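According to TrEMBL, the features are:
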BINDING   Cys445, Asp447, His501, Cys504  Zn(2+) binding site
DOMAIN    2-261  domain 'SLC26A/SulP transporter'
TRANSMEM  45-67  transmembrane segment
TRANSMEM  76-95  transmembrane segment
TRANSMEM  137-155  transmembrane segment
TRANSMEM  176-199  transmembrane segment
TRANSMEM  219-248  transmembrane segment
TRANSMEM  269-300  transmembrane segment
Amino acid sequence: MLAAIGVVLILKQIPHAIGYDIDYEGDMGFFQKDRENTFSEILTAFYRFTPGAIILFTVALVLILIWEKFKLHEKFIIHGSLVAIVTGVLLNEMFRIFELGIVVSGEHLIQPIQLNGALDLFLDDYSPNFSQWKNQTIYFIAIKLCLVMSLETLLNLDAIEKIDPQRRIVSKNRELVAQGTGNLCSAILGGLPITSVIIRSSANLHAGARTRFSSFLHGLLILVSVILIPVWIAKIPLASLAAVLLVVGYKLTDYKILQTQYKKGMDQFLPFISTLVGIVFTDILVGIGIGCLFSVFFIMRRNILNPYQFNKKEMAYGVEVKIDLSEDVSFLNKSSMLYKLDKVPDNAHLIIDGSRSKYIDPDVLEIIEDFKIVARSRNIKLEIIDVTSSYEKIQNKPLDLVLQQDYQKLFENNRIWVEEKLSKDPDYFKNLALGQTPQYLLISCSDSRLSVNEMTGTSAGELFVHRNIANLVIDTDMNLMSVLQYSVEVLKVKHIVVCGHYDCGGVKTAIDGKYHGLIDAWLRHIKQVYRMNRKELSGILDENEKHERLVELNVREQVYNLCMTTIVQNAWSRGNDLQLHGWVYDLKQGKILDLNIDIDKDFRDYDIFRYQFETH
């Protein structure tokens, strides 16, 4: 959805960028109120462009790009978008003063609200009409607005969570209650409906905002500006605004996600691309609906087409047929199961194996039970393995058998995994065996809940991994040092990531004050991290918050430990573009938090650990 909104945002700004502003307010839908559509509007714009608007757009775009490339907002505090808008206003005023003939005016500028007559007449126009209580159309529109705006807000919240650097989870209930309260107050005052949109949320985020207060401040600034400087607002060129929104759209549109979704297969790619195309050629809600339909189709398709594996062999004693049931066999598989059982030849040996199944629908169990009678009449030797309800499977197995089957399940899972990989790419393992060229070394905790490839969306061969308790970097750990040297000097990785996680047992054990034996020597390094940050940690009263902060400080310290190694410093001295990062994985949310450690800035106090290497 983010990519689609970004594409729409870019396409919708092109007419404004070249000075065609017939659709002044803008329309995120494909079909516009001016009877044009997104693409016809662009084509028309190229025949009716405005030179002054093109100049203003280009200047604004260049300013924003320079501001972001050199991170000037950190030096001057002011954001590049504001600089671009102010520059656009001043530049257009220069066009007017010097009578250059390229000044933009009228429909090419922001249009202020027109007050027709006195203020009391304005209030009458925009106040609620309580005589319409019995008008059924009002209630229909209200319900429609409620559903549409609530859905749009929920979608926006999901989108903003994905681009939040801290990967925080928003309270959906709180947001909807706030939106409902706001709409109630707005309606009483005669205002417009309120909803949440990704464009404004992402603009706040990219401007450096980190809290809910940014949205309140955003609205307050708009209100104050409309009241105090309406004359200057009316001088803002739409072309300059188009540059700002085009950059926002570009940030929302990540072309890499297209490659990632395509690599995952058609089951993932088609719902993604259908959502993107649907939003571009209809609107957000319809486009998402189209994407959902594709997703449901592929879910049902997988469920219907892959309920089991059907293998038929010619043996010395006759025909052997084996049906391996999948992990989940639902009622949707009833008809296909009946069809396959009917195709089993007479006098055959039929094996129905349900050992992999976690759930078998009662309707399917009934079919198999009924087939026992059919098998006798057709002289079919029927062998049924572990085909029972989920509850019976758990209750009837001896413990040692359960343990053995759990162990054998690993090999079965491997077989299924191999088959899935080969079905998508017959040369997958052949290519994998040619060698590895990972771009990343990941140093993470040994905790079994961290599935590093799965949580980063990487495939085999893309991550070089070292794991130990509490993701420590210790220079006397020859295992880690060997991994570090090999990854940097042989594999030539570009990134080294230290990844800790909240709810880390190693970190908790390090500060519980108890004796634990051998592991205490290892965890002593975490105690040192606590000692160095005692003042900050002692000020945190909540134990859970203190633990999470110690996890973050531990990751940061391990990144510094990497900086101290001759392996990393030698790579830097040779001009290698080796970057170090610190991550924390939130188990409760499944999100990765980048600690954004500034090595150049934070490592200045560690000059004593710097080495000088001879150049050859």
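Note: Cβ is positioned from N, Cα and C throughout, glycine not excepted.
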Beyond the site residues Cys445, Asp447, His501, Cys504: chain residues whose C-beta lies within 8 Å of the centroid, for Zn(2+): Ser444, Ser446, Arg449, Leu450, Ala470, Asn471, Gly500, Tyr502, Asp503, Gly505, Gly506, Val507, Val551, Tyr585, Leu587
Reduced DSSP state (H/G/I helix, E/B strand, rest coil) at Asp447 (Zn(2+) binding site) is coil
Grab the same-chain neighbours of the transmembrane segment (269-300) for me: Cβ-Cβ under 8 Å, and only residues 6 or more beyond its ends, written as numbers and ranges. 1, 3-5, 7-8, 11, 28-30, 38, 148, 151-152, 155, 257-258, 261-262, 332
Given the model, what does the mean pLDDT over the domain 'SLC26A/SulP transporter' (2-261) come out as? 83
Of the listed stretches 76-95, 137-155, 176-199, the one with the highest count of C-beta pairs below 8 angstroms to the transmembrane segment (45-67) is 76-95
Under 8 Å by Cβ from Asp447 (Zn(2+) binding site), same chain, sequence gap 6 or more: His501, Cys504, Gly505
Under 8 Å between C-beta atoms and at least six apart in sequence, can you list the same-chain neighbours of Cys445 (Zn(2+) binding site), or say none if there are none? Arg467, Asn468, Ile469, Ala470, Asn471, Cys499, Gly500, His501, Cys504, Gly506
Same-chain residues at least 6 beyond the ends of the transmembrane segment (219-248) with CB under 8 Å of its CB atoms are 6, 9-10, 12-14, 16-19, 21, 24, 50, 52-54, 56-57, 59-61, 64-65, 68, 81, 84-85, 87-89, 92-93, 104, 108-113, 199, 202-203, 206
May I ask you to report the DSSP-based helix, strand or coil state of Cys504 (Zn(2+) binding site)? coil
